[in-house]
Amino acid sequence: MKLLIYLLGIIGSVGSLVYSFNFSSNNHFIFISCIIVGLLIYLGFNYIQSKKKFVIGSIIADGILLLIPSTMDCLTYITSIIIYKYREVSVYDFNFESTYIFYDDPQICILAFLLIFIPLFLSAVIAIDKQKYTLAILALLPGVFIELLFTITPPWYFLACYVLYVLILLIGALQKGAILKIPMIIISVVAMAITYISFPISTYRPSKYSLFDNARTPISTPGNIKEEYNVNSQGDRHYRNSLDFTIAGEVTLNNFKIRGIAYDLYEDGKWGTSHSRVETEWFKNNLEKIANITKTSRQVIEVNQISGYSQRNYTPYFIINDDMTYYGDHYEGKNPQTYEMIIPNDDFNALLSTIDYKAKGELLKEIAERNGTQDYYDEYFGQGNEDDEKLTSVPEETKSIIENFLKQHNVIDNGNIFNYITQCTNALAANTSYTLRPGNTPDNVDVVDYFLNTNKKGYCVHYASTLALMLRSRGYPARFVVGYQVPGSKNNAGKLIVRDSNAHAWVEIYDEYLGWIPIEATPTSSENPNTPTDTITPAPNQGDKTPQPVEPEKPNIQQISQNDSFQIPVYIYYLAGGMIFIFIVLFQARIRKKRMFKGAANSNQKVCYYYYYLTKLKINCDVIKTIIDKARFSQHQISIEELEIVEQFYQDKTNAYFKQANLFKKIYLRYLIAVL
């Protein structure tokens with residue numbers, strides 16, 4: 001029976017830690033190996049004759065693991081993963097640096113995890129054997145507590161194992177070491193299984209009103225670039241002000257965008273990627289030649305992704321790196337990654353905002369002649385082509401909704417994409433309102449229809465997704481993009497600070513010369529009127545109005561700088577208040593009883609107090625009735641021997657009564673009336 005309890009605990013603790021972080025090794029192999037070692041420790045402790053020698057031997061083995069260099073390197077790697085994850089949810093910047101080696105050798109990682117878990121396993125085995133159930137709970141708690149500390153929810157099946165382990169041990173503690181019956185455990189497991197089957201995770205939806213709204217995670221994190229982006233599920237948006245990136249270098253261009261992934265497929269309110277892995281060599285080469293022709297300046301920056309790096313980089317626009325791979329929808333490089341960025345000047349922006357392909361070529365030639373950069377112009381060898389049906393496809397029902405909205409608000413496409421974008425963004429700004437609390441999109445409702453015609457509220461995700469579909473409905477290739485809007489705030493080291501609250505979404509349109517260029521879709525947020533505008537935007541040309549830059553969305557909370565104090569989420573106060581209330585309810589009787597006996601004037605009064613509690617339990621007190629009557633009605637003082645007789649009678653009777661009581665009765669006796 002103890003083995004089953006112990007097995008539940010180590011499965012819950014090990015599984016929660018191993019599967020909650022982005023470790024690069026074989027998680028299954030690590031998990032199974034740790035469980036096997038945990039079982040061996042249990043069997044060794046219980047079946048080897050000298051338990052003391054076994055414990056000492058296990059500690060020595062753990063010390064040997066500590067001396068292995070590879071184990072320590074891997075332990076440093078594990079620590080760095082955890083620290084980076086903590087940075088993701090913390091407002092504090094640690095001076096912790098790591099080589100961030102990805103250990104693909106699971107054997108080395110197993111040794112590192114055993115270094116962590118062997119002491120925990122030993123503590124749990126000894127505590128269960130000695131019936132120290134509170135210690136047994138605490139022994140395996142670190143494997144679960146680390147994730148909860150970082151507001152990470154471990155896999156439910158591992159968390160359920162640990163919760164069941166805790167419940168069984170708590171019941172054992174209430175029964176003062178009595179043997180636990182297997183049917184009780186089976187009933188608990190069946191109850192949990194029925195609950196999960198009846199209310200699967202897929203059916204969970206956040207309520208409209210919740211005390212824990214601020215505990216919900218943001219819609220995206222830098223280590224969480226997803227292949228599919230579900231706009232339907234984007235309800236109220238919340239932030240933790242966690243530090244996601246630092247950007248170092250002589251940064252002369254502020255308030256620029258860094259792109260995570262661009263989505264080119266749309267269906268039923270969900271954006272996806274076609275996984276095109278076409279390496280566009282022309283893109284980098286031609287962009288560099290255009291930069292030389294227009295004599296744009298450059299800046300070199302280093303982007304360090306603080307949270308979990310997943311091989312995909314968040315990259316600025318208009319970069320000319322030759323040490324990265326471009327896969328159409330994202331870049332892959334290293335972390336931290338250095339970028340050489342183009343700083344757009346008047347010539348570059350004029351080229352950017354020219355619509356006609358032939359006119360753009362003539363303008364490029366004219367710029368080369370004026371700047372004396374004909375050699376670079378002569379090397380220019382062609383342009384890309386992104387004329388793909390998937391980039392202009394829109395579901396018929398959604399297209400009809402968009403067409404009705406555009407017609408209703410007199411949006412006309414005259415062949416000038418920038419003029420069309422301006423009309424669309426103006427129509428969106430005039431007929432919808434920006435908010436970070438738009439609520440949830442109801443089930444089985446088109447998210448575009450709900451945004452444009454019913455709710456009429458949203459943030460960057462809703463505006464960018466809708467504008468991309470408006471462009472595609474008129475045949476303009478467009479993509480939906482998620483990333484970050486880099487602000488101008490710096491830390492004490494002079495690095496730009498990018499937090500989760502800077503997460504943003506926008507649109508990309510295709511330019512035959514410059515590739516994909518960003519277009520802002522979100523109207524000015526009334527919540528943050530002082531937000532600076534994006535720097536990289538098309539400039540007007542030939543009298544056509546180009547979309548003016550607008551402010552990226554910001555949360556309705558004050559931005560926290562490096563020197564600002566941490567703002568405690570509201571739900572923490574509710575939790576703290578609830579815990580204090582429970583503490584008062586559970587311990588008020590015990591505290592009152594302790595004060596009552598401590599404040600008793602003499603032995604007579606103490607005997608009366610014992611009699612008071614015995615009558616609550618309806619216990620026959622005939623054996624000590626003479627002493628009780630003497631204490632209550634006589635002027636004589638109770639002797640020490642008589643008081644000890646009453647105390648012993650009280651202990652014997654209440655302990656016997658407690659052992660025969662059921663679980664709920666025991667809680668009532670111990671905490672609510674405090675007879676023990």
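Each residue's number is its place along the chain shown, starting with 1.
Note that Cβ sites are derived from N, Cα and C of the backbone, with glycine treated the same way.
Feature list (source: TrEMBL):
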| type | residues | note |
| --- | --- | --- |
| TRANSMEM | 30-48 | transmembrane segment |
| TRANSMEM | 60-86 | transmembrane segment |
| TRANSMEM | 106-126 | transmembrane segment |
| TRANSMEM | 133-150 | transmembrane segment |
| TRANSMEM | 156-175 | transmembrane segment |
| TRANSMEM | 182-201 | transmembrane segment |
| DOMAIN | 452-523 | domain 'Transglutaminase-like' |
| REGION | 524-551 | region 'Disordered' |
| COMPBIAS | 524-535 | compositional bias 'Low complexity' |
| COMPBIAS | 536-545 | compositional bias 'Polar residues' |
| TRANSMEM | 571-589 | transmembrane segment |
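By number of Cβ pairs under 8 Å, the transmembrane segment (106-126) is matched best by 30-48 from the list 30-48, 133-150, 156-175. Counting residues per DSSP class in helix, strand and coil order gives 21 helix, 29 strand, 22 coil for the domain 'Transglutaminase-like' (452-523).
Mean pLDDT, taken over the domain 'Transglutaminase-like' (452-523), works out to 89 on the 0 to 100 scale.
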